[in-house]
């Protein structure tokens, strides 16, 4: 069995065994260097194929049954070989008389086919590659490139054309028609929030306990419990009104004189050296007024004569009353709510209790409140500053107590002048706002900051939009970038990331035929830095097609060789 291939003598012997004439293959005189080192001869490829075909036809006429066999060529580690496989088949023949003849025929056939395959491989290696095998003709059909690609494969128009004036027949890419990606969607509107403006009554004092009503500041009443001189005068006036009483003290009794038992004044006109009756006038508070003497016909008050015992009793009574007044002193107004001691003097009344002025203090800072307004929280007094620090709501912006109007928004309390737009710093005054990341924005700044911008006008999109080319568009702005016309059925062409209609896309891409002025789709001729339909790339004089041959350019126009020589030679 041959392993390196059959030479021509072996092939002749094989054909002689088969009853055929010798091969008529001629060996060329030129020796070519091939990849197979074992053979230095070059055979004509077509003659070898014709010879093999005749052998196959001869074998088909043989009466014995031949099975289909495919034998690969032996591997050569030095070169890359092409595996050629041939299949030979025949109709089933009648039952052979002897089994041994069939087996011998099969063995011979195996040797024959293996030798043929080896010879064919060797012959193919010896045949040099001609330039025509690498020429792609202009009329060859190449598959169209993928969509949105601007590059294409270039094929030479003819192997006989000159290098500098070859019209290149190329396949123009189909413009990418985008139909499914241009969809109209409606953007979800952001949530609109409402700021609540709160105003409290009175002094607008806020408490941390929302269930309780806002306390109002209370006023303090101060009184003085020390009795004045007017009060003492009134007391004495009520006890003893002034009454003038004339008391006559009788002289000592003289035995030689007559006693006078009349209760009236006696005027004795004796010698001054004699004893006289003394008259003493004394103003005494006796607690009652004199009654007129009914025996007096002239209705005049006659002085009352007080004996010595009555005068002593009266003096003792007055002395006792004065002592009682001195020992009693001022009366207590009550017990102080701070120190629990009696209150004498100035008193402060607040929260239903009495206080010493120095004991009525703020429960938090212990500063005396005096007659200032105070705030009551849990039955305890607080000054205004401490009450705001402890119980008033705090502004989310400045963290200061809110004692005036406040705005409730975003779950927090704000001063009216501190609840403003994060971007423009304008107050909302209880109006609508938009929230993003816990911060308020007005409508204009919210859309200008966070909304998607249109690919045509670069303005924020608030309503419906079109999704195309990886961005969003206002429906009225998604138009051809050249003629500003809307697209029919949503079909458009992309060039440079912008949408175009069919006509202006080819103008922008330079894919307009220079001959007819229409868009070039499919195969085209690239010549003179222009694109042409293959049927429109013709000689400017004789109008014969030039796509398959050479041309000569003159003044920017193509000419065939004959016309160019006639016109410009």
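Placed from the backbone N, Cα and C atoms, the Cβ positions cover glycine too.
Here Swiss-Prot gives region 'Disordered' for one range in the set 20-61, 62-103: that range is 62-103.
Per Swiss-Prot, the stretch carrying the note motif 'LD motif 2' among 1-7, 106-112 is 106-112. Here the motif 'LD motif 4' (311-318) is broken down by DSSP into helix, strand and coil counts: 8 helix, 0 strand, 0 coil. Across all of the domain 'LIM zinc-binding 3' (453-510), the predicted model scores a mean pLDDT of 85.
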